[in-house]
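Single-structure report; data block below.
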Amino acid sequence: MKVNLPAFERAGVMIVGDVMLDRYWYGPTCRISPEAPVPVVKVNTVEERPGGAANVAMNIASLGANARLVGLTGIDDAARALSKTLAEFNVKCDFVSVPTHPTITKLRVLSRNQQLIRLDFEEGFEGVDPEPLHERINQALGSIGALVLSDYAKGALTSVQTMIALARQADVAVLIDPKGTDFERYRGATLLTPNLSEFEAVAGKCKSEDELVERGMKLIANYDLSALLVTRSEQGMTLLQPNKAPLHMPTQAQEVYDVTGAGDTVIGVLAATLAAGNTLEEACYFANAAAGVVVGKLGTSTVSPVELENAVRGRAATGFGVMTEEELKQAVASARKRGEKVVMTNGVFDILHAGHVSYLANARKLGDRLIVAVNSDASTKRLKGESRPVNPLEQRMIVLGALESVDWVVSFEEDTPQRLIAGILPDLLVKGGDYKPEEIAGSEEVWANGGEVMVLNFEDGCSTTNIIKKIQTESEK
């Protein structure tokens, strides 16, 4: 099915709010500290990602939309790191620097897919003059289709009513991800996007769908909102609008690893889609699909147009089944951040038989994820002769992708997958047959990266060549 994504390249969005830097330290935990009963993490990977309002801007820019970010920062390394990273993603930063305050920074230490501790470095910006923020909003109103106010209660949005009034006077939609229980400060917004706990903290505990709808409609009337979108985790999301039936959308997430930043993704996709000229219902549809993508990643993350298109077509955004090489690299990177061991093998897999299935199941048991690289049709002909393959590449990959033991399937055009393996660098490279490890394509690259290479036995009596010969013999009778 062809999916028509919104014309994101025509969308202009301004994001105003609490800007943060998210830092991540990853590493294995092998012992307990002699100083205190706490684990010792040997840090081997350090990452810095924009968080808060900056993550909203990243999500918008990653879709190909024009994102302009306004917020309060210090004059420090964290602010410079934010500006550098955001510029690489084509986010236009227009920060207001506050010399007396540090840039808000959150440091997370993770090991084996578990967050061990979070350290926050911040001082509230509540006393800072908001007028420079108002000036920046005024300057941008003629070139944007949506204004996002990203509220983390850190002080950047002390004058929300002024910001809403400026945008509404220019007929620009105002989308707000709320914080706290004082929804009065968001009066007149186009759309609020509270999660279920935030919604119930204001409206009260809801025992049924009807009660949620009833209380949501009261909030819309009480605070003069155009719409309310309640995000409900595994229950999806619910859109409420005056004089319209509620729109319930089930979740599209297939695996949930981390909900960090999921709300930023939702409001970012909503804003970009509305600014591109789509309806609110369409915006919610794409935002729901994007949320299913981002919770399958670790930490604050963004969604690309390819991932979004795959998600609305029903393909798992975390990457399962048939993939392009670039999609595979992204999926492997996410798996590594989750501490998963990646196993890789390759072959023609022309006529899938019991020996193949047994071999792949055994390979999968050696790690957490299994990649199968498949020779293209041209590569197979060079390797096996003009009569092969019997089954074309697309069919071979679909069948492999349907196996429970196989996570990712990718093709390669060369005679060997050496280039592909060098780009993926699995933790374990396996091959079936009577090879010596050093004879296996890609073994040198895997060893050089600290990985392992292993030879597994094929099941006796199973051979694609023998199956083909038997079919030919039977057909000649």
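Here the Cβ of each residue, glycine as well, is placed from N, Cα and C on the backbone.
What Swiss-Prot lists as region 'Ribokinase' is 1-318.
Annotation note: Asn195 (ATP binding site) sits in a strand segment as assigned by DSSP. Asn195 (ATP binding site) counts 20 other C-beta atoms within 10 Å of its own C-beta, drawing on all protein chains shown. The ATP binding site annotation in Swiss-Prot covers Asn195, Leu196, Ser197, Glu198.
The active site feature in Swiss-Prot is assigned to Asp264; the stated evidence is sequence analysis. According to DSSP, Asp264 (active site) sits within a helical segment.
The region 'Cytidylyltransferase' annotation in Swiss-Prot covers 344-477.
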Worksheet entry | Asn195 (ATP binding site) to Asp264 (active site) - Cα separation in whole Å | 11
Worksheet entry | Around the Cβ of Glu198 (ATP binding site), the count of other Cβ atoms that are within 10 Å | 20
Worksheet entry | Distance from Asp264 (active site) back to Leu196 (ATP binding site), taken between C-alpha atoms, in Å | 15
Item to complete: Could you tell me how many residues in the region 'Cytidylyltransferase' (344-477) are helical, how many are strand and how many are coil under DSSP?
Response: 57 helix, 26 strand, 51 coil
Response to the item:
Row Asp264 (active site), column other C-beta within 10 angstroms, all chains, value 30
